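Worksheet: one structure, shown below.
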Amino acid sequence: MVAPQLAAVFTKLQTLSTSDHASVVSMNIFVALLCACIVIGHLLEENRWMNESITALIIGVFTGVIILLTSGGKSSHLLVFSEDLFFIYLLPPIIFNAGFQVKKKQFFRNFITIMLFGAVGTLISCTIISLGVINFFKEMDIGSLDIGDFLAIGAIFAATDSVCTLQVLNQDETPLLYSLVFGEGVVNDATSVVLFNAIQSFDLVNTSPRILLEFIGSFLYLFLASTMLGVIVGLVSAYIIKKLYFGRHSTDREFSLMMLMAYLSYIMAELFYLSGILTVFFCGIVMSHYTWHNVTESSRVTTKHAFATLSFVAETFLFLYVGMDALDMEKWRFVSDSPGTSVAVSAVLMGLVMVGRAAFVFPLSFLSNLAKKSTSEKISFREQIIIWWAGLMRGAVSMALAYNQFTRGGHTQLRGNAIMITSTITIVLFSTVVFGLMTKPLIRFLLPHPKPTASMLSDQSTPKSMEAPFLGSGQDSFDDSLIGVHRPNSIRALLTTPAHTVHYYWRKFDNAFMRPMFGGRGFVPFVPGSPTERSEPNLPQWQ
């Protein structure tokens, strides 16, 4: 009796050992591919066409082809695409670092336009795509899709790729375009996820005006609550570090607390069914404004490079991951008998994406320009074309939502669902490569010499994120002479220059109440034995 049991246990352990070894081999290959992406991306850095996201995507596809050939057509990837892996581990460091290093003055100066594009524009795009697929897909033989699937498709393909935007637009060369397209991308991703979750949770068969009002109310609640949660966690981190002076004991503690609280904001948002993307983005903005100034100089250098490195590795991992998963034979096998249908579905969806984006970029840009007095701050028609073009890229958010809607555990046995997954993969590959490759040349063609604006002048002292401290002496300053606003004190000033007026009063409130409590620029942490202690024995007034 004992011998057979021991033999069975030994066989099981041997199987587990073989499985573990296979996992180790897969991870070794994947890490080696990440290193190759970094090296090749560095060599192609000066290339006007390529960027690191496209490089990683192409390397992933070629690797998938090689694995497909060596496995006899059975498998094409080392790891299976998982929306949980994407949303819980890969996306948070990317979005947080984007908020942490964003030029806040540029972002908030265009905040109304960004919210118009990101929230209202996404709703318009989602509506057009959903109505389009309802009309077009009825003519195609793609399987049984219900109204929930059609609305989900609208939310899936309304999500732009904010990660790829970081690669194709330069914050220093085109600050207005970067601020608008990337800011819109973050808000757009959050809006798409919120819309997707709302569509899944509501009864869409028995619709009524009451259901519509509940939908709008739920959307606004998620949007505001997510933003406030990020702000609160960021302020709490600033207050704790300011009061406890971690830097006196260990730089590691300061950095660890910042990193963990940033991730905590994202996880808390997911726990309370909010938008983790919005939460961690605004947490990054608040931390860069308050928390980062409360740590010691060594901690500032550490956090700057560590957050940027985590984001960079996650981005590269993500595009390599998507590229390898694109050739998953399980899903393509369902559409092999009718490739024309899959191509037609992809073409229809790509056309609807282009129409849906044009339907809000140009009208909302016109409305935004009406509210701006200065010609230099208005969005020109050429800039509108670039905003439209750069936002056509679809990425991992669309793939993750598509997997969530049309698969169970990454697998599907339904032809209609397989067609939607393969069409999503096709659009992600096509839009990232084609629109990503053409964005930089298009900017050089349409804007050969970008005109200097007041916003560019005011941000000139902001250093690049990897070359000098994040927030230079000029980023948070507010020079009234640049914009011609002197102590606005009336409703008329608020109506004529709303962004500048709100910024002026915010600076007064920030200096009077927020910075004395939460720290920020001007706060110098006390470190025993430091030059600060010898030159200024008394603590700064904001301590």
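Quick reminder: no glycine exception, Cβ is built from N, Cα and C everywhere.
Per TrEMBL, the feature domain 'Cation/H+ exchanger transmembrane' maps to 31-443.
The annotation transmembrane segment is assigned in TrEMBL to 22-44 (among others). With a threshold of 8 Å between CB atoms, the same-chain residues lying at least 6 positions outside the transmembrane segment (22-44) that come near it are 50-52, 55-56, 59-60, 63, 78-79, 313, 316-317, 320.
TrEMBL lists 56-73 (among others) with the feature transmembrane segment. Within the same chain, residues 33, 36-37, 40-41, 315-316, 318-327, 329, 429, 432-433 sit at least 6 positions outside the transmembrane segment (56-73) and bring their C-beta atoms closer than 8 Å to a C-beta of that stretch.
According to TrEMBL, the transmembrane segment annotation covers 85-102 (among others). Same-chain neighbours of the transmembrane segment (85-102): 162-163, 166, 171, 179, 182-183, 186, 189, 262-263, 266-267, 270, 276-277, 280-285, 287-288, 292, 307-308, 310-311, 314-315, 317-318, 321, 396-397, 399-400, 465, 470, counting only residues six or more beyond its ends whose CB sits under 8 Å from a CB of the stretch.
Annotation source TrEMBL lists transmembrane segment at 114-138 (among others).
Look at TrEMBL and you will find 219-241 (among others) tagged as transmembrane segment.
For 262-287 (among others), the entry in TrEMBL reads transmembrane segment.
The transmembrane segment feature in TrEMBL is assigned to 307-324 (among others). Sequence-distant contacts of the transmembrane segment (307-324) (same chain, at least 6 residues past either end, Cβ-Cβ under 8 Å): 30, 33-34, 37-38, 41, 52-54, 56-61, 63-64, 67, 76-79, 81, 86, 89-91, 93-94, 96-98, 100-101, 163, 166-167, 259, 395-396, 399, 428-429, 432, 465-466.
Sequence annotations record features per position, and here TrEMBL assigns transmembrane segment to 344-366 (among others). Tertiary neighbourhood of the transmembrane segment (344-366): same-chain residues 113, 116-117, 120-121, 124-126, 128-129, 132-133, 136-137, 140, 142, 153, 157-158, 379, 384, 387-388, 391-392, 394, 419-420, 423, 426-427, 430-431, selected by CB-CB distance under 8 Å and a gap of 6+ residues from either end.
A Cβ distance under 8 Å defines the sequence-distant neighbours of the transmembrane segment (386-406), meaning residues of its chain 6+ beyond its ends; these are 81-83, 86-87, 90-91, 117, 149, 152, 155-157, 159-165, 168-169, 177, 180-181, 184-185, 188-189, 192-193, 196, 200, 318-319, 321-322, 325, 353-354, 357-358, 361-362, 365, 379, 412, 414, 417-418, 420-421, 424-425, 427-428, 431-432, 435-436, 438-439, 442-443, 446-447. TrEMBL lists 386-406 (among others) with the feature transmembrane segment.
Annotation source TrEMBL lists transmembrane segment at 418-438 (among others).
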